[in-house]
Each structure stands twice: as structure tokens, then as C-alpha cells.
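Participant: Take a look at what Swiss-Prot says about it:
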| type | residues | note |
| --- | --- | --- |
| BINDING | LYS42, GLY43, ARG164 | diphosphate binding site |
| BINDING | GLU98, ASP99 | Mg(2+) binding site |
| ACT_SITE | GLU102 | active site, proton acceptor |
| BINDING | LYS130, PHE151, VAL152, ASP158 | GMP binding site |
Amino acid sequence: MHNDLKEVLLTEEDIQNICKELGAQLTKDYQGKPLVCVGILKGSAMFMSDLIKRIDTHLSIDFMDVSSYHGGTESTGEVQIIKDLGSSIENKDVLIIEDILETGTTLKSITELLQSRKVNSLEIVTLLDKPNRRKADIEAKYVGKKIPDEFVVGYGLDYRELYRNLPYIGTLKPEVYSN
């Protein structure tokens, strides 16, 4: 599995430092507010778990499972909601927790849906951002790290459901995903 990687972009320590920094900022920004953290499954599960431990304010969590990849390395642009939220977010401050922001088409669809539910506020935190890939008019307020336009795996990010369990983030060798 490790031999399939070209290089490591973020070590375990790098990721934990990012979580600490983002957690401190989110604690400051959401102190005393009715915060609901919405994790986008499956990719954000590890990031969300580490991040919310560092947000020192009352919060609740919920999840959405949304897909626009359908097994490949490129977003199809067609967003399918597999699992919607389990509770109401009306009059709450909502923080979408995402693993990676690339084209933005999936996140744009999610934000439009959630904004229609009469939230107080809606922001996005993403561990990774690939601004060069953006197609939709959307940005994350909180960004862990901007990365180059390479296919990354690990720490929740997958290729065909594999590599999610890596404790770091790396780039796959092109021959692994071009077959």
C-alpha cells in the first residue's frame, strides 16, 4: 500500500498541527453560538474526529453522505445525496467539515441545500484546498493547507475506497490510478 505513493504531502504531525490551529480559530469564532458541525462522509470522518476535539465550545455533530465521483478520480459534477442530516439546523450556525475542496461543485450543492434550511450562518472548513481545480464559485473560510493539483489519498481520502486508513496524506503514483 505505501509503495503506491509517490510522496507524502502531510505527515501525521502536520495534520495534527493543522487541526490545533483550525480548532483554536473555530473556538474563537463560535464561542457561545449554537454550532452544528456537519461532516461530509466518508472522507472527512478522520479530519472531523480530530478537529472537533480541538473546538472548545458546545457543539453538536451530524453527517451527510454525498457523492460526485462514482468510483473515478474526477468529479462527475452530478451530486447524489446518499444520507441527509438527521436533525434540524434551523436557526443554528453550521460548519461544514470537508476533507478536500477541489472543483467545488459538490460543496456548492451542499451549501445551497443547507442554506435553504434557514440557518443562522454557514461556513466551510476544509483540510485541503486545490484552488486551481475550482469550477464552482465557492471558497472555504477555514483552510488547512493549499495543495498542488495531484491525486491525494490517506487520512480519509480514498481511491476506489482504498488508502483511507493511512495516517498521513500522500500523492498516488499515476500508474496506480491510470489503469
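Here the Cβ of each residue, glycine as well, is placed from N, Cα and C on the backbone.
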Participant: What is the set of residues, excluding LYS42, GLY43, ARG164, whose C-beta falls within 8 angstroms of the centroid of the C-beta atoms at the diphosphate site?
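Facilitator: Once LYS42, GLY43, ARG164 are set aside, the remaining close residues are LEU41, SER44, ALA45, MET46, ASP99, GLY156, LEU157, ASP158, GLU161.
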Participant: Using a 10 Å cut-off on CB atoms, tell me which of the binding-site residues GLU98, ASP158 is the least crowded.
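Facilitator: Sparsest of the binding-site residues GLU98, ASP158 by Cβ contacts within 10 Å: ASP158.
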Participant: If I take the Cα of PHE151 (GMP binding site) as reference, which of the recorded positions LYS42, GLU98, ASP99, GLU102, ARG164 has the closest Cα?
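Facilitator: Closest candidate to PHE151 (GMP binding site), judged by Cα separation, is GLU102.
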Participant: Round to a whole number and give the Cα-to-Cα distance in Å for the pair GLU98 (Mg(2+) binding site) and GLY43 (diphosphate binding site).
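Facilitator: That separation, Cα to Cα, works out to 7 Å.
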Participant: Below 8 Å Cβ to Cβ and six or more residues apart, same chain only. Which residues does that give for GLY43 (diphosphate binding site)?
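Facilitator: Spatial neighbours, sequence-distant, of GLY43 (diphosphate binding site): GLU98, ASP99, ILE100, GLY156, LEU157, ASP158, ARG164.
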Participant: Checking the spread of the diphosphate site as listed (LYS42, GLY43, ARG164): what is the longest Cα-Cα distance, in whole Å?
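Facilitator: Spelled out: the longest distance between any two Cα atoms in LYS42, GLY43, ARG164 is 9 Å.
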Participant: Can you count the other CB atoms that lie within 10 A of the CB of LYS42 (diphosphate binding site)?
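Facilitator: By my count, 17.
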Participant: Specify the count of other C-beta atoms within 10 Å of the C-beta of LYS130 (GMP binding site).
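Facilitator: The answer is 18.
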Participant: I'm trying to understand the geometry here, so how far is the Cα atom of LYS42 (diphosphate binding site) from the Cα atom of LYS130 (GMP binding site), in Å to the nearest whole number?
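Facilitator: Cα-Cα, rounded: 19 Å.
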Participant: Using all protein chains in view, find how many other C-beta atoms are within 10 Å of the C-beta of PHE151 (GMP binding site).
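Facilitator: PHE151 (GMP binding site): 17 neighbouring Cβ atoms within 10 Å.
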Participant: Using C-alpha atoms only, work out the spacing between LYS130 (GMP binding site) and GLU102 (active site, proton acceptor) and round it to an integer in Å.
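Facilitator: Computed Cα spacing between LYS130 (GMP binding site) and GLU102 (active site, proton acceptor) is 5 Å.
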Participant: What does the structure give for the C-alpha distance between GLU102 (active site, proton acceptor) and VAL152 (GMP binding site)? Integer Å is fine.
Facilitator: 11
